[in-house]
């Protein structure tokens with residue numbers, strides 16, 4: 001029997017029933033062998049297609065968990081460096097003798113680099129696959145960390161900026177991969193969870209980036225001692241980046257030998273010449289629900305980027321000398337968001353309620369930002385920790401929601417293309433919001449700057465509600481999935 005709500009063939013007493021395509025019913029065998037999943041799923045389906053019979057096998061491999069964890073690890077290493085300058089903004093200002101806005105650009109360069117490079121990188125992901133992209137990402141990240149090791153002198157700010165640029169370029173090769181890895185390696189019931197784990201690594205890196213730099217680089221007066229502390233931080237980062245690069249070279253695999261789902265098996269049989277990256281982009285840009293998602297995703301994640309970049313300035317203004325607690329507040333935001341991401345991923349895998357969950361999380365992000373804005377100046381750090389945690393739970397928890405909803409709305413387009421467009425929107429709004437909020441804070445204070453973000457989160461909430469009108473019911477998307485997945489591969493394509 002066909003399950004219209006999940007878009008997958010259902011197993012009933014070990015049999016697969018499909019009156020139109022299956023000519024002979026066979027029992028599925030539950031096997032355990034090699035590095036396959038403890039339960040190996042084999043669907044042997046005899047079907048008539050142009051008069052030919054073919055057998056299709058899908059299989060889940062244990063190594064898929066290692067692949068996604070390795071990806072999460074090098075994503076962590078890269079995202080750590082996004083915020084390592086901004087969270088101790090005042091210390092790097094004094095060491096390099098530059099303005100606060102200049103240090104802000106050490107974070108914003110991650111956003112700026114992404115915008116022009118995302119489209120060629122997404123094309124490479126489609127044409128060359130996961131392994132090449134992973135190798136380039138870890139190589140660029142490793143090179144950037146070692147360049148920064150050589151920049152620990154007050155007159156070498158340009159060198160440290162070059163190193164940060166290399167790391168920001170590596171990020172372009174990283175951000176679009178979670179949904180691609182999830183679809184290539186994981187079963188249909190695990191996709192959202194796997195995507196959340198991939199995003200989880202990025203968020204954990206940001207969390208460590210908030211926590212560790214204030215510990216490793218204390219605000220000491222002696223410049224030689226300060227240079228020593230900065231070099232220690234840079235050497236540790238370079239060592240980790242080098243290890244991860246070597247691991248990717250040795251063990252990162254392009255794809256499993258057998259596909260994890262019927263849809264992936266079908267995708268493998270599409271000749272490369274039949275796929276046009278430009279045509280895919282144009283189809284996505286004609287998709288009204290996805291265009292609204294691009295806008296609302298950019299508004300939400302852009303606000304998160306602005307809050308993260310300017311957090312040190314906001315905390316120091318109301319709590320002077322609390323660089324360490326500024327980092328801990330940033331850690332609280334991201335850890336709460338990681339919990340939110342995992343809960344949302346598991347919830348989506350079980351319920352598939354993308355539209356309702358997205359709207360609820362967006363509204364709570366707006367409420368959380370509003371509460372944070374009005375409690376920041378009360379003079380009680382414990383209140384800031386609570387409100388920042390609530391804000392992070394929903395605002396950062398929205399990240400995997402946007403990715404997975406984008407994949408649902410754009411199926412069967414490439415996951416890397418849809419996630420690339422979402423991230424591009426987030427980078428554009430991140431730069432705009434960071435610059436504008438920074439100027440507002442300088443002239444009118446933190447409350448006005450945070451209200452500025454609240455306005456755009458409210459607009460995003462309204463647009464997310466409007467998106468529900470344009471988005472087709474998910475059972476129609478599931479029907480499309482079923483029709484495509486039934487176009488099974490021809491003999492020999494596996």
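Glycine is treated like the rest: Cβ placed from N, Cα and C.
Here the transmembrane segment (65-85) has Cβ contacts under 8 Å with residues 92, 103, 106-107, 110, 134, 137-138, 141, 144-145, 164, 167-168, 170-171, 174, 177-178, 181-182, 185-186, 194, 197-198, 200-206, 208-210, 212-213, 233, 237, 240-241, 244-245, 247-248, 251-253, 308-309, 330 of the same chain, all six or more residues outside its ends. Here TrEMBL flags 65-85 (among others) as transmembrane segment.
Under the heading domain 'Major facilitator superfamily (MFS) profile', TrEMBL lists 65-472.
Long-range contacts of the transmembrane segment (105-125) within the same chain, counting only residues at least 6 positions beyond its ends with a Cβ under 8 Å from a Cβ of the stretch, are 82-83, 85-86, 92, 132-133, 136, 160-161, 164-165, 167-169, 171-173, 175-177, 180, 277, 281, 305, 308-309, 414, 416-417, 420-421, 423-424, 426-428, 430-431, 434-435. Here TrEMBL flags 105-125 (among others) as transmembrane segment.
What TrEMBL records for 132-150 (among others) is transmembrane segment.
Taken from TrEMBL, the feature transmembrane segment covers 191-212 (among others). Proximity of distant same-chain residues to the transmembrane segment (191-212), defined by a Cβ-Cβ separation under 8 Å and at least 6 residues beyond the stretch ends, is recorded for 64, 68-69, 71-84, 87, 174-175, 177-179, 181-183, 185, 233, 308, 311, 326-331, 333-335, 337-338, 341-342, 344-346, 348-349, 396, 399-400, 403-404, 407.
Taken from TrEMBL, the feature transmembrane segment applies to 232-252 (among others).
As annotated by TrEMBL, transmembrane segment applies to 290-308 (among others). Remote same-chain residues near the transmembrane segment (290-308) are listed as 83, 86, 107, 111, 206, 210, 284, 330, 333, 362, 365, 369, 391, 395-396, 398-399, 402, 405-406, 409-410, 418, 421-422, 425-430, 432-434, 437, 453, 456-457, 459-460, 463-464, 466-467, 470 (criterion: CB distance under 8 Å, separation of at least six residues from the stretch ends).
Remote same-chain partners of the transmembrane segment (328-347), defined as residues 6 or more beyond its termini with a Cβ less than 8 Å from a stretch Cβ, comprise 83, 87, 192-193, 195-197, 199-200, 203-204, 206-211, 307-308, 311, 315, 353, 357, 361, 381, 384-385, 388-401, 404. The feature transmembrane segment is assigned by TrEMBL to 328-347 (among others).
Tertiary proximity for the transmembrane segment (359-375) is limited to same-chain residues at least six positions away from its ends with a CB under 8 Å from its CB atoms, namely 296, 300, 303, 340, 344, 383-384, 387-388, 390-391, 393-395, 397-398, 401, 446-447, 450-451, 453-454, 457-458, 460-461, 464-465, 468. Residues or ranges marked as transmembrane segment by TrEMBL: 359-375 (among others).
Residues annotated as transmembrane segment in TrEMBL: 381-401 (among others). Residues 178, 192, 195-196, 199, 202-203, 297, 300-301, 303-304, 307, 315, 319, 322, 325, 328-330, 332-341, 343-345, 348, 354, 357-358, 361-362, 364-365, 368-369, 371-372, 375 of the same chain sit 6 or more residues outside the transmembrane segment (381-401) yet have a Cβ under 8 Å from a Cβ within it.
As annotated by TrEMBL, transmembrane segment applies to 447-466 (among others).
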